[in-house]
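Data first, discussion second: the structure below is written as structure tokens.
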Amino acid sequence: MTLDIPFDNTYAQLAPEFYTRQAPTPVKAPRLLAFNDALATLLGIARGTDAELAQVFGGNELPEGADPLAQLYAGHQFGTYNPQLGDGRAVLLGEVVGTDGLRRDIQLKGSGPTPYSRRGDGRAWLGPVLREYVVSEAMHALGIPTTRALAAVETGETVWREGGLPGAVLTRVASSHLRVGTFQIFAARGNTEALRSLTEYAIARHYPEAKGALGLLRAVRDAQVELVSAWMSVGFIHGVMNTDNSSIAGETIDYGPCAFMDVYHPNRVFSSIDRTGRYAYGNQPQIAVWNLAQLATALIQLEDDPESVLEEATEIVHAMPELLEDAWLRRFRAKIGLREVAEGDLELVSDLLGIMAQGQADFTNTFRGLLDGTARDQFLEPEAFDVWESRWKDRLSREADPEALMARSNPVLIPRNHRIEQMIAAAVGGDYASFERLMDALSHPFEAREDYADLRRPPAEDEVVQATFCGT
């Protein structure tokens, strides 16, 4: 008996130019590593046996109603346009409407080659699968819009990268997999009919209140403003903010070389392929604006005379930096307990970040430490913090119940890079205890639990992760 998934597919009903129908490639010996029961319940999926789940989410069996396909898109990668990308190692099984009434994609990552694989094997190895499983679910628990992880399956096959590594498949759930790059490819090809169809589909699926292409542009802008400001507030560095990784739905998507900062610095980069620092922590807001400009460039092609809407489209894009700064300040004011807006708040936040960078302070523990009185301990030379703290306490005296605001704005736990790497190393050796412990701890990131106190600690000198890798 195959798994019962209540598919209700709409993307597969679009014209064939948007995708290639592609079944996942079966694997040798699928074994279920993890299954997200709460998410499955939300999706209306009744839990089968581990063997049934492994067969379906390993790609060996197609449930009734699945209509697997690989999506086509293009994208700017580190600022350079690639005219055709597409799902090179993933297939969209289909869509479901959850018990909350929201439509979501179910996609297998690492499911084998597709016509868009570009000489790749279409597979994923265990490390990136577990990284995305842990980090995407941690982001969800932090309240940040994100794709989610439904299942992880070991394939029983070896994937060859720098050496032989255990293969795995991730089941990713997303509001959709529409990207800025999905629009770019049809605009670049001059296929206005496809671009119009895609725009109408995106509006109907994500922003039904939006009026036309510029209404969609404005809605995507506002969603990205909230998303990127949320990233900044927890020290998250996406690492590869290419336009093919910029979600129309406003979700965090593609966790390849992502990282969370330990020691704060605005220029921090982890991704091994980001050699120029294009996607550094502090650059993320301006890259979001750049990506929106690429979407605007695509969408104005829907007009017979693009120049006629260029001014309005430009205004929508040019408003984004101020919106980002406002959203950023709102989130960081909350992190230091400020509800009421007052002159000097921007300077107060900026000064704290400046002395954190100078004092090599841990990002997460400093902000949480403002609540529990341990922030000073994070600084190599705390004298500058002492001066700032005096100013802050004076400002805080005008606030009502700042502790409650700070408690829900500053996580105790984040998926620290060294803990992720340790978990992956253990899992490759067959030990999943660290994975299960991380999943449990990070599901309640704002709770200070003694049994997880070790997960709060920054890395020791020999544990520091200097670079992260896509893992593809």
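Glycine is treated like the rest: Cβ placed from N, Cα and C.
Around R89 (ATP binding site), taking its Cβ as the centre, 22 other Cβ atoms fall within 10 Å, counting all chains. DSSP assigns R89 (ATP binding site) to coil, not to a helix or a strand. Annotation source Swiss-Prot lists ATP binding site at G86, G88, R89, K109, D121, G122, R172, R179, D254.
Using a 10 Å Cβ-Cβ cutoff, D244 (active site, proton acceptor) registers 23 neighbours. Per Swiss-Prot, the feature active site, proton acceptor maps to D244.
Look at Swiss-Prot and you will find N245, D254 tagged as Mg(2+) binding site. The C-beta environment of N245 (Mg(2+) binding site), restricted to residues of the same chain at least 6 apart in sequence and closer than 8 Å, consists of G75, R179, H238, I253, D254.
Of all the binding-site residues given, namely R89, D121, R172, none has its Cα within 10 Å of the Cα of D244 (active site, proton acceptor). A simple Cβ count within 10 Å picks out one of the binding-site residues D121, D254 as the most packed, and that one is D254.
According to its DSSP assignment, D254 (ATP binding site) is coil. Secondary structure from DSSP puts N245 (Mg(2+) binding site) in a helix. Annotation note: R172 (ATP binding site) sits in a strand segment as assigned by DSSP. For the ATP site, whose binding residues are given in the record as G86, G88, R89, K109, D121, G122, R172, R179, D254, the maximum C-alpha distance rounds to 23 Å. Neighbours of R172 (ATP binding site), defined as other CB atoms within 10 A of its CB across all chains, total 24.
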